[in-house]
Amino acid sequence: VTVDCSGYPKPACTLEYFPLCGSDNQTYANKCTFCNAVVEKNVTLNHLGEC
(Lines of atoms letter the chains of each structure in order from A and count residues from 1; the text may use other names and numbers.)
(Lines give C-alpha, C1' and ligand atoms only; values in the text may rest on other atoms or scores of the structure.)
Protein backbone atom coordinates (compact mmCIF):
# COMPACT_ATOMS: atom_id res chain seq x y z
CA VAL A 1 0.00 0.00 0.00
CA THR A 2 1.31 3.43 -0.90
CA VAL A 3 0.05 6.91 -0.13
CA ASP A 4 0.41 9.68 -2.71
CA CYS A 5 1.90 12.64 -0.85
CA SER A 6 2.33 14.97 -3.81
CA GLY A 7 1.15 18.46 -2.92
CA TYR A 8 2.30 18.27 0.70
CA PRO A 9 3.11 19.65 3.21
CA LYS A 10 -0.13 21.54 3.84
CA PRO A 11 -0.40 24.30 6.45
CA ALA A 12 -3.60 22.86 7.98
CA CYS A 13 -5.21 19.43 8.08
CA THR A 14 -8.84 18.40 8.60
CA LEU A 15 -9.91 16.55 11.72
CA GLU A 16 -11.16 13.46 9.87
CA TYR A 17 -9.92 10.21 11.42
CA PHE A 18 -8.48 7.65 9.02
CA PRO A 19 -5.41 6.42 10.89
CA LEU A 20 -2.13 5.50 9.24
CA CYS A 21 0.83 3.91 11.03
CA GLY A 22 4.18 5.46 10.18
CA SER A 23 7.63 3.89 10.18
CA ASP A 24 8.36 5.91 13.35
CA ASN A 25 5.69 3.82 15.15
CA GLN A 26 3.45 6.86 15.42
CA THR A 27 -0.23 6.79 14.50
CA TYR A 28 -1.18 9.68 12.22
CA ALA A 29 -4.84 10.76 12.26
CA ASN A 30 -5.20 11.02 8.49
CA LYS A 31 -3.40 11.28 5.16
CA CYS A 32 -2.70 14.98 5.62
CA THR A 33 -0.92 14.63 8.97
CA PHE A 34 0.92 11.55 7.68
CA CYS A 35 2.05 13.24 4.47
CA ASN A 36 3.26 16.30 6.36
CA ALA A 37 5.46 13.94 8.41
CA VAL A 38 6.66 12.19 5.24
CA VAL A 39 7.87 15.53 3.86
CA GLU A 40 9.31 16.83 7.16
CA LYS A 41 10.77 13.64 8.68
CA ASN A 42 11.08 11.15 5.79
CA VAL A 43 8.57 8.78 7.41
CA THR A 44 7.23 5.84 5.39
CA LEU A 45 3.98 3.88 5.77
CA ASN A 46 4.08 0.76 7.95
CA HIS A 47 0.40 -0.11 7.47
CA LEU A 48 -3.11 1.32 7.40
CA GLY A 49 -4.78 1.69 10.80
CA GLU A 50 -3.38 2.50 14.21
CA CYS A 51 0.11 1.40 15.20
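Heads up, the Cβ atoms here are built off N, Cα and C, so glycines get one too.
As given in Swiss-Prot:
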DISULFID  Cys5-Cys35  disulfide bond
DISULFID  Cys13-Cys32  disulfide bond
DISULFID  Cys21-Cys51  disulfide bond
DOMAIN    3-51  domain 'Kazal-like'
CARBOHYD  Asn42  N-linked glycosylation site
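DSSP labels the residues of the domain 'Kazal-like' (3-51) in these numbers: 11 helix, 9 strand, 29 coil. Looking only at the domain 'Kazal-like' (3-51), the predicted model's pLDDT averages out at 97. Rounded to a whole number, the C-alpha distance linking Cys51 (disulfide bond) with Cys32 (disulfide bond) is 17 angstrom.
Using Cα positions, the member of the recorded positions Cys5, Cys21, Cys35, Asn42 nearest to Cys13 (disulfide bond) is identified as Cys35. Among the recorded positions listed (Cys21, Cys32, Asn42), Cys32 has its Cα nearest to the Cα of Cys5 (disulfide bond). For the residue listed as 'N-linked glycosylation site', the spatially nearest entry among the disulfide-bonded residues Cys21, Cys32, Cys35 is Cys35, judged by CA separation. Cα-Cα distance from Cys32 (disulfide bond) to Cys21 (disulfide bond): 13 Å (rounded to the nearest whole number). Under a cutoff of 8 A between CB atoms, and with a sequence separation of 6+ in the same chain, the neighbours of Cys35 (disulfide bond) are Val3, Cys5, Tyr8, Pro9, Lys10. Proximity of Cys21 (disulfide bond) to non-local residues of its own chain (separation of 6 or more, Cβ distance below 8 Å) is seen for Thr27, Tyr28, Leu45, Asn46, His47, Leu48, Gly49, Glu50, Cys51, given in sequence order. Sparsest Cβ environment among the disulfide-bonded residues Cys5, Cys13, Cys32, Cys51 (other Cβ atoms counted within 10 Å): Cys51.
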